[in-house]
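Take a look at the structure set out below.
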Amino acid sequence: MGNADLRQLAALEDVPLSSLGGSVVAVDAHNWLYRYLTTTVRFTRSRAYTTSDGEEVANLVGVVQGLPKFFEHDLTPVFVFDGGVTDLKEAEVDERREQRERYEELLAEARESGDAAEISTLESRTQRLTPLIQETTRDLLRHLDVPVVEAPAEGEAQAAYMARQGAVDYVGSEDYDTLLLGAPYTLRQLTSSGDPELMDFEATLAEHDLTWEQLVDVGILCGTDFNEGVPGIGPKTAVKLVREHGDLWGVLDARDAYVEHADLIRELFLDPTVTDDYDFETSLSPDVEAARAYVCEEWEVPNEEVERGFDRIEASAAQTGLDDWV
DNA sequence: CACAGAAA
DNA sequence: TTTCTGTGG
């Protein structure tokens, strides 16, 4: 069960970064940061990202390493941060917090017994976006003049909404949920090297002859962040069944199955809490010196960790100059 | 989440 | 051929 089941249904295509020049990408900040926090930190010494006060600010390194990719290809990122959580999500957050506490207990035990493998697995699972991480990320983005949007609820939903409104050209996220949220075009693998993968919403619907609602129903049958899938139903049979019975209810009746909160989950994807209260400029004037000072002096990150990234940002900023005709 | 191998 | 389960990143 899982969202990755949607991969089998999604209309995907590799696109060269060079073809994306001039476009605007709404990046799901949580998703993007999480990726850096679980890779950047793990393969290096976390000491390098810890201040003398013991605060972990690996996110700053992640931001500095991740942004050049956008700037060098004339892509404008808009970072969308999560707001409050939905009731349904809240239950999940609680569960995750409890689970995290269990992991942290295990982690403490592993450290005592010196089990290195166990320690690293558990560390990856206890990564989380602390308030400090969110705040310092916002501060750094402000120095670099990167637009930030505050979502009322889920950042992904807000990003997808802005894409549907035409305020941005793409949503940037690794998750397949954006498909269920109706994001017209999602760019995946913006964090890794190499060309991104483009996920096309309309093409996906057309390929399987489904409506948006039906695609959401397929997702629910396979399982989403909010529900376990129905046993025995994967992406293939879900599509077949939804087409056969029309919608989720038809399928559930026919299989005598039940999904908790199915109607609410549907709404979360089809009509999520979003806002029109966003506003951003797409021509950026980063203050790289201020950003360097913020990261290296204020947060004591060793210069060599971010020097290369800042140099790249500076170089691409100088090249593009100020596109004040936009 | 991706990928691989087992199970159905 | 599709779904499930485990593992590693």
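Cβ atoms are placed via backbone N, Cα and C, with glycine included.
The annotation Mg(2+) 1 binding site is assigned in TrEMBL to A:Asp28, A:Asp82, A:Glu154, A:Glu156. The secondary structure of A:Glu154 (Mg(2+) 1 binding site), as reduced to three states from DSSP, is coil rather than helix or strand.
Marked as Mg(2+) 2 binding site by TrEMBL: A:Asp175, A:Asp177, A:Asp225. Non-local contacts of A:Asp177 (Mg(2+) 2 binding site) by the CB criterion (under 8 A, 6+ apart in sequence, same chain) comprise A:Asn3, A:Glu156, A:Thr224, A:Asp225, A:Phe269.
Model confidence over the domain 'XPG N-terminal' (A:1-103) is summarised by a mean pLDDT of 82. The domain 'XPG N-terminal' feature in TrEMBL is assigned to A:1-103.
Residues or ranges marked as domain '5'-3' exonuclease' in TrEMBL: A:22-286.
Sequence annotations record features per position, and here TrEMBL assigns domain 'XPG-I' to A:142-210.
Highlighted in sequence order, A:Asn3, A:Glu156, A:Tyr176, A:Thr178, A:Leu180, A:Thr224 have their Cβ within 8 Å of the centre of the Cβ atoms of A:Asp175, A:Asp177, A:Asp225, the residues recorded for Mg(2+) 2, and are not part of that set. On the backbone, the CA of A:Asp28 (Mg(2+) 1 binding site) and the CA of A:Asp175 (Mg(2+) 2 binding site) stand 9 Å apart. Remark: secondary structure over the domain 'XPG-I' (A:142-210) totals 24 helix, 14 strand, 31 coil, with classes taken from DSSP. A:Asp175 (Mg(2+) 2 binding site) sits 15 Å from A:Asp82 (Mg(2+) 1 binding site), counting Cα to Cα.
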